[in-house]
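Below you'll find the structure, written out as structure tokens, and then a few comments.
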Amino acid sequence: MSFGRLESQLRLKVFGRLQVIRQHLRMSNHTVKDGGCLLTKAGCAGVITLNRPKALNALNLGMIRQIYPQLKLWEEDPETYLVIIKGAGGKAFCAGGDIRAVTDAGKVGDRLAQDFFREEYILNNAIGTCKKPYVAVIDGITMGGGVGLSVHGHFRVASEKTLFAMPETAIGLFPDVGGGYFLPRLTGKLGLYLALTGFRLKGSDVQKAGIATHFVESEKLSSLEQDLVAMKSPSKENVADVLDSYQKKSYAAQDKPFVLAENMDKINSLFSGNTVEEIMENLKCDGSSFAMKQLQTLSTMSPTSLKITFRQLKEGASMSLQEVLTMEYRLSQACMNGHDFYEGVRAVLIDKDQKAKWKPESLEEVTEDYIDSCFTSLGSRDLKL
């Protein structure tokens, strides 16, 4: 072998070894920047920063594929004691899933329409079963997919800037990402009300509703994060103590009554119907301004979505999170194969004319046989957790 060739091979070996070392350093001590997330080790914590501020940190498949393996690594890492997830840009934690991309994929039969929901729900389950304390800082807009990244974790910290909603019935979908699990477990019929109407909760009301575990003023969140990552080998109880101490410093918003407090009796009675049609009839018969407003809101939603959502929460009330996510994957694929999801996205997100033409256009035309088919097992294509 010539000296030149030997020298060339040695250079390649050294270069290869350097690449491995660089990769290791990036993962162990530095921020991983590829894709829409920043994954950082800071003190005792693994920190996930959703980093698509121009898109309000909307969750796409690339981000899911970043977060899931890193979450699993941190879960097994003896030097990582908690996980913190937050959003960049100051406006949003995460405004939802990247629905436009999913819609485009579904129209042409692209696998993304399956992969996105499947991998998103697998991530939701990983968050719900995470062995390390998981702290979601939901400062800003938190909707749909953003709720899935937060609500199943141990701790959810809202601020005065938090805006929560599950608005899926307006786009021909349903409140997924485990909505069938956490929504029916809220007080009374609050979860069903939020699911059907897409009502938006703001600030401390997100905690009062039982969605956030803590409320901390936005200006204190940076200091809170510093105190969390500076802890030495913290337990879940230690993390809770720090969060509790910060909540005690945020008095003002907690003195206000819950935004829906004066209407909770009506919500519990009017939304206790055995069908969506019964709920609509209850609202008509009540005749109050509150009832009429809800009737008007529901009349703009996809009738198919309303019926799917009603059944989803009814079934989910007695299911495990894993069973709910399996059910919701079936529902996601039914929506991908239907009409209303594409029409809803067109009307709300693309053309923005807010004039969706639903098919069927009335609740009465949505048959129980069709709803049953949406919940049917996909066999070998079912989500397995």
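Keep in mind that glycine also has a Cβ here, set from the backbone N, Cα and C atoms.
Keep in mind that this is a model prediction, so the values were computed, not measured.
Going by Swiss-Prot, these are the annotated features:
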BINDING   GLU120, GLY145, GLU168, ASP176  substrate binding site
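The number of other Cβ atoms within 10 Å of the Cβ belonging to ASP176 (substrate binding site), over all protein chains shown, comes to 28. The Cβ centroid of GLU120, GLY145, GLU168, ASP176 marks the substrate site; residues of that chain outside this set whose Cβ lies within 8 Å of it are GLY96, GLY97, PHE117, GLY144, VAL147, GLY148, LEU173, PRO175, VAL177, GLY179, SER332, given in sequence order. For the substrate site, whose annotated binding residues are GLU120, GLY145, GLU168, ASP176, the maximal Cα to Cα separation is 16 Å.
Secondary structure at ASP176 (substrate binding site), taken from DSSP and collapsed to helix, strand or coil, is coil.
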